[in-house]
Amino acid sequence: MKEPSIVVKGARAHNLKDIDIELPKNKLIVMTGLSGSGKSSLAFDTIYAEGQRRYVESLSAYARQFLGQMDKPDVDTIEGLSPAISIDQKTTSKNPRSTVATVTEIYDYIRLLYARVGKPYCPNHNIEIESQTVQQMVDRIMELEARTKIQLLAPVIAHRKGSHEKLIEDIGKKGYVRLRIDGEIVDVNDVPTLDKNKNHTIEVVVDRLVVKDGIETRLADSIETALELSEGQLTVDVIDGEDLKFSESHACPICGFSIGELEPRMFSFNSPFGACPTCDGLGQKLTVDVDLVVPDKDKTLNEGAIEPWIPTSSDFYPTLLKRVCEVYKINMDKPFKKLTERQRDILLYGSGDKEIEFTFTQRQGGTRKRTMVFEGVVPNISRRFHESPSEYTREMMSKYMTELPCETCHGKRLSREALSVYVGGLNIGEVVEYSISQALNYYKNIDLSEQDQAIANQILKEIISRLTFLNNVGLEYLTLNRASGTLSGGEAQRIRLATQIGSRLTGVLYVLDEPSIGLHQRDNDRLINTLKEMRDLGNTLIVVEHDDDTMRAADYLVDIGPGAGEHGGQIVSSGTPQKVMKDKKSLTGQYLSGKKRIDVPEYRRPASDRKISIRGARSNNLKGIDVDIPLSIMTVVTGVSGSGKSSLVNEVLYKSLAQKINKSKVKPGLYDKIEGIDQLDKIIDIDQSPIGRTPRSNPATYTGVFDDIRDVFAQTNEAKIRGYQKGRFSFNVKGGRCEACKGDGIIKIEMHFLPDVYVPCEVCDGKRYNRETLEVTYKGKNIADILEMTVEEATQFFENIPKIKRKLQTLVDVGLGYVTLGQQATTLSGGEAQRVKLASELHKRSTGKSIYILDELTTGLHVDDISRLLKVLNRLVENGDTVVIIEHNLDVIKTADYIIDLGPEGGSGGGTIVATGTPEDIAQTKSSYTGKYLKEVLERDKQNTEDK
């Protein structure tokens with residue numbers, strides 16, 4: 001019988017060249033090829049899109065309005081499709097309420113666990129809060145030694161101010177003879193006058209007994225009487241012993257701290273029943289940050305040390321500041337840091353109740369006199385932020401504020417009541433601070449009573465199962481309370497992967513986009529095993545991937561190419577990895593078999609004395625490390641996932657340099673000092689954030705080449721005759737653009753119960769410009785034709801205009817020759833956006849004093865693309881600039897001049913320097929995981945060179 005398969009015929013999405021392919025079902029299929037070759041077009045835009053469309057089409061119109069309608073992909077037929085699930089990197093929630101625990105649903109089970117077997121404790125007295133029946137109280141008292149004398153007391157006043165005369169009188173009228181007031185037994189008729197300004201505790205003596213058999217009935221009656229008098233509280237005064245406290249309700253018998261019935265919603269920070277009332281469950285509050293208010297403490301007040309009060313059109317605040325300094329004799333020409341602590345406190349937090357009189361010039365002209373209490377700069381910013389009706393003022397004030405942990409819940413997000421419930425010795429706020437590996441260990445060994453164990457058994461099974469899946473995809477270092485908005489694309493994707501395995505679905509088609517991103521080679525095996533486990537459940541996996549190990553582990557490998565863009569879109573080779581390796585036409589096969597490779601450089605640039613020195617870096621999990629980053633060479637920062645690479649490079653290095661060089665308001669991670677910044681004049685962070693958030697932004701506008709192209713069109717004879725200036729050829733301003741679509745080229749049509757539909761503008765036919773503008777041509781092409789050209793085509797078209805050719809060539813050099821000049825920024829992948837940014841920096845003149853910071857540069861890149869990119873980075877270094885890269889890819893690591901390896905583990909087990917030096921030095925370091933894999937690569941490359 002023929003093996004089941006997915007048969008695709010006539011796929012033409014994007015650059016696909018009418019391809020036919022048969023893919024085996026229930027196998028691990030890896031699709032690879034150059035960046036832009038058409039992998040995603042086949043995997044996501046054809047196979048997944050059709051699988052999803054068919055599923056959605058089977059639903060009712062009502063259900064479809066929530067799921068969105070998908071267009072039919074440009075393909076003749078696809079047979080053998082299963083329901084499709086896509087796990088990509090773009091759907092990370094930026095909601096501050098979303099955490100690793102909530103996304104994976106682990107938190108739902110933890111909440112249930114605390115609601116079912118949690119034990120509430122009084123936060124003031126650290127005693128367990130229990131609700132007890134009268135029978136339980138009797139049993140506990142009868143456990144006392146025989147002949148023990150006891151008094152049953154009803155606490156009617158607990159530590160409250162007042163003389164309480166009326167209450168004492170009422171107790172006497174009810175027939176009670178004795179009271180215990182502040183620990184002393186007194187007759188109800190001889191109570192001394194109580195000081196109404198002091199706290200008092202008054203307890204009614206309900207009964208006096210000797211513990212012996214046969215008193216149970218009398219004891220129960222007396223307990224009931226006491227509980228009625230004191231609203232459910234009872235104190236047993238054991239003569240010559242310690243008092244026993246009992247409570248009929250969930251309340252502390254000493255202070256009355258009460259807690260309602262334990263429910264799962266009580267432990268949710270997204271519910272008003274559980275959230276901290278101060279921060280509404282966010283764990284953080286926007287607070288004025290003194291370091292942003294006074295960013296440069298070497299400045300004097302006259303030089304503008306207090307940044308929010310630097311003079312503007314009104315001199316209200318500068319005049320007030322001057323008057324305050326006169327009154328309190330503060331020298332305005334003294335550096336802020338040299339002022340006394342008292343003087344700084346007055347300026348920042350106010351002068352108390354003392355009123356200050358001053359005269360200031362109004363914005364409209366004229367002077368005005370004011371008398372007011374000086375509130376201080378910090379309270380002033382906070383007040384204006386919270387009370388101002390002006391959006392502009394609030395935005396300006398927010399620049400001087402930062403998110404700090406909430407002072408009530410200390411960042412734990414929950415109410416005091418929720419944090420008073422314990423399971424296995426920890427409250428829920430403490431548990432979610434654990435990393436996944438710590439939490440897994442904790443729940444596997446949790447100590448519960450036999451009864452609680454029986455109740456919690458099924459819940460614990462679910463928690464342990466989900467934690468195990470997360471652990472198996474290399475995420476053991478993530479803490480459960482980590483905000484999902486701070487996760488990298490690869491981490492977010494692996495979390496969704498773990499969630500899918502947890503669902504144990506079978507017969508599903510999963511389409512994944514580079515799940516190995518951000519994963520160290522050490523953790524790759526676990527990821528591959530996870531993928532195989534999903535396959536073994538009876539699912540088909542299509543993985544778009546460039547990672548060597550994943551390609552070798554595939555059951556079926558598809559190489560798409562041979563080039564990118566117009567030069568791609570064909571199946572170059574398909575079959576087992578061994579078959580593809582033998583195929584001479586397959587570029588991927590050549591690299592996999594070692595016939596082609598990225599060579600180790602013949603020499604490495606030595607680390608010079610010029611360096612940036614970071615001392616005492618403590619951001620996130622960094623353990624107060626000292627690091628030197630040599631200048632004018634290529635440094636790669638390595639380490640297992642979660643070892644502290646991003647904390648060091650992005651949080652400490654980049655943000656501190658941005659603060660000093662660019663005068664940025666970002667707040668760096670914690671460190672003691674950084675030296676050597678004066679050797680740099682420019683810092684460029686090339687990350688994967690979009691180059692623009694609107695369809696109007698594109699590679700041509702971002703790199704600035706579109707300005708030069710518009711200049712060329714404005715210089716043509718036709719444009720001069722018509723009097724067209726450069727602005728005529730912009731689609732962002734009135735004049736040359738099509739006014740029907742405002743230069744977008746597309747028009748949005750609202751479909752109400754269906755998703756919005758975008759259709760080409762009928763007036764300009766999607767060209768963005770009006771007819772008159774399009775009549776102006778250069779070498780037979782109008783401005784709209786230029787935007788539809790690929791970068792490669794445009795480079796040839798403008799080869800005689802050096803200024804334009806140089807900028808376009810940099811895009812080709814970074815492997816973006818296949819992208820069209822007018823491609824909407826919103827449709828570029830993270831890796832493509834990153835390379836557009838790199839290209840726009842490349843054509844700028846180098847000062848030799850720039851530092852480039854790149855994070856996971858190889859995302860979405862084939863080995864051949866990486867080879868080209870390394871040449872570009874080396875060009876930057878040859879100019880004297882510094883390149884710092886966070887990277888796991890061994891081809892990049894082996895070509896570095898200098899490596900900083902962090903670790904040894906992830907999360908709390910990381911944050912230290914494992915090794916520094918050349919790749920050869922790291923390869924010899926036995927404690928380095930990176931060194932272990934690097935050694936294999938260097939030896940393999942050496943062997944291949946000798947074989948040749």
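Every residue, even glycine, has its Cβ placed from backbone N, Cα and C.
Listed features, source Swiss-Prot:
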- 33-40, 639-646: ATP binding site (BINDING)
- 309-587: domain 'ABC transporter 1' (DOMAIN)
- 607-935: domain 'ABC transporter 2' (DOMAIN)
- 252-279: zinc finger (ZN_FING)
- 738-764: zinc finger (ZN_FING)
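Cβ neighbours of Lys645 (ATP binding site) (same chain, under 8 Å, six or more residues apart in sequence): Val637, Thr638, Gly639, Ile886, Leu902. Secondary structure at Gly33 (ATP binding site), as computed by DSSP, is strand. Per-class residue totals from DSSP over the zinc finger (252-279), listed helix then strand then coil: 4 helix, 2 strand, 22 coil.
Ser37 (ATP binding site) counts 30 other C-beta atoms within 10 Å of its own C-beta, drawing on all protein chains shown. A sphere of 10 angstroms centred on the C-beta of Ser641 (ATP binding site) encloses 24 other C-beta atoms. Within 10 Å of the C-beta of Gly639 (ATP binding site) there are 29 other C-beta atoms, taking all protein chains into account. Looking at the domain 'ABC transporter 1' (309-587) alone, the prediction's average pLDDT is 90.
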